[in-house]
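First up is the structure itself, then whatever we jot down about it.
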Amino acid sequence: MEWLRLLILLFTFLNHVSSWGSVAAGSRWEVSQLTRELMDSAREPEFFDWLKRVRRTIHENPELAFEEEETSRLIRSELDSLEIGYTWPVAKTGVVASIGSGSQPWFALRADMDALPIQEMVEWEHKSKNPGKMHACGHDAHVTMLLGAAKLLQRKSKEIKGTIKLVFQPAEEARGGAYHMIKEGALDNIQGILGLHISPEMPVGTIGSRPGLMLAGSGRFSVTIHGKGGHAASPHLATDPILAACSTIISLQQIVSRETNPLESRVVSVGFVDGGQAGNVIPETVTLKGTFRSMTSEGLYYLQQRIKEVTEMQASVHRCTATVDFMLEKMRPYPATVNDEAMYKHAKSVGETLLGEPNVKLLPMAMGAEDFSFYAEKMAAAFFMIGTKNATFVSKTDLHSPFLVIDEEVLPIGAAFHAAVALSYFDNVDAVVTH
C-alpha cells in the first residue's frame, strides 16, 4: 500500500501547485485589469488636459529649495478640490496627504517640488516667469504626476486596503528636504515608498531602475584660500592664492586617480572658482566649490577627509592658508540610493503589466545623487526613472539644462504607474516588505 500513499501525496501536492498557479494567474489578471483601467482614466482628454494645465502652471512659477510657497499652495488647492486630507506645513513648505482607511499598512508615493537657479532658454508659451529660476530637473512633472495619482486613487479610495500617503517634498536640490521630512516625523510608520524621476534620455512610455545600489552618495565642499594680495608685477611681495588654488584643484584629482581602487566608483569635481578682479592684481583670496561622490558611506568619509588634508597642505606649500567647509547642515551629504529588492520587483512587475516588459529597462548604476536615499534608509523603497524623450521633436537630453524640454505624454503614464504600484502593494504586502 506504500505506492498508494505516495500516489495520494503526489496528487495532493500537484493539486496545491495548481491552486497556487491559479491564484498567481488571478492576481496577474487583476493587476492587468487595474493598470489598464488606471491608464485609460489618466489618458481621458479631460484628465490629460488637467494634467497639462497643472504642470504648465508649476513650470511658469519655479521656486527654489524651501521657498516653494506657491507650488505648495497649488498642491493644497488641488487636494482640497479632490476632498483629500493633508498635513501642512511639513519641513516649511511640504505637504503630506492621506488616502484610504487610515489603518496599516501605510505606503507612500513621493514627488519633489523645488526648481533650480537656472535661466530658462526655451522659448515657449509657458516659459518660466521667474528670472534665473527654472524647473530644469522635471520636478514640475513629478508634482503633476503625483497629483494625477491622487485623483485616480481618490476614485478608488473605498477599495484601498490600508493607507496611501502622498509626499510632496521640498528642497531635493542639494538641501536634503527628504532628511527634514523624516526628521519632522512625516514618514513615521510607513512601510514602503516609491519615487519617480523623469529621464530625458529615455523614450516616453518606458521606465527603468535596478535592484540594490542605484545612485551614488554625494557631498559638497567650499574652500577659501587666503593669501596676501599685491601687484602682479611684484609677486615676490605677495602670497598668491591663485597659484595655491590651481595646485589644489590638480592635487584633488589624484585622490581618485591614485588613491582609489580602479574598480570602485568615486568622483571629486571642482565646478566653481572665484578669485581676483583685475589681470594685474594678485588677490587676497580665492574660493573653490565642488562635489565628491562615492557608492559607499566609507568612500564618502574617506573623500571628505582627504579633500580637507590635500587642500590645507597645498595651501601651506604656497605659503597660504585654507578654510574647508563641507556645509554639513545647509547641504547635508546624501547617502547612496539603494533600492529594496522586493519593492523593486513589485514596481517592476507593475510597470511590465502597464507598459509591456520590453519597456521596463534595467539601468546601470550612476554617480548622480538623490535625497530619496534618506527614505531608502528607513523603509522598503524603490526609485524609478520615467522616460520623457520624444523623437519627433528635438530636446536637450540633459537634466539641469536651460534647454530641457519634456514630452507631456509622460504625465498620465506616471500618474497611472504611481497609482497602480500603490494599490497593488496591499495585495502583496507580505512579500514586498523586507525591512
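Glycine too: its Cβ is placed from the backbone N, Cα and C atoms.
Automatic, uncurated: that is what TrEMBL annotation is.
Listed in TrEMBL for this protein:
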type	residues	note
BINDING	C137, H139, H197, H400	Mn(2+) 2 binding site
BINDING	E173	Mn(2+) 1 binding site
DOMAIN	216-310	domain 'Peptidase M20 dimerisation'
SIGNAL	1-19	signal peptide
Distance from E173 (Mn(2+) 1 binding site) back to C137 (Mn(2+) 2 binding site), taken between C-alpha atoms, in Å: 9
Listed in sequence order, residues not in C137, H139, H197, H400 with Cβ within 8 Å of the centre of the Mn(2+) 2 site Cβ atoms: D112, L116, H135, A136, G138, H142, E172, E173, I198, L399
Cβ-Cβ neighbours of H400 (Mn(2+) 2 binding site) (radius 10 Å): 13
Cβ packing number for E173 (Mn(2+) 1 binding site), 10 Å threshold: 20
Helix-strand-coil residue split for the domain 'Peptidase M20 dimerisation' (216-310), DSSP-based: 36 helix, 35 strand, 24 coil
Averaged pLDDT, computed only over the residues in the domain 'Peptidase M20 dimerisation' (216-310): 97
Spatial separation of E173 (Mn(2+) 1 binding site) from H400 (Mn(2+) 2 binding site) - C-alpha basis, Å: 10
Tertiary neighbours of H197 (Mn(2+) 2 binding site) (same chain, Cβ under 8 Å, six or more apart): G138, H142, E370, F383, F384, M385, I386
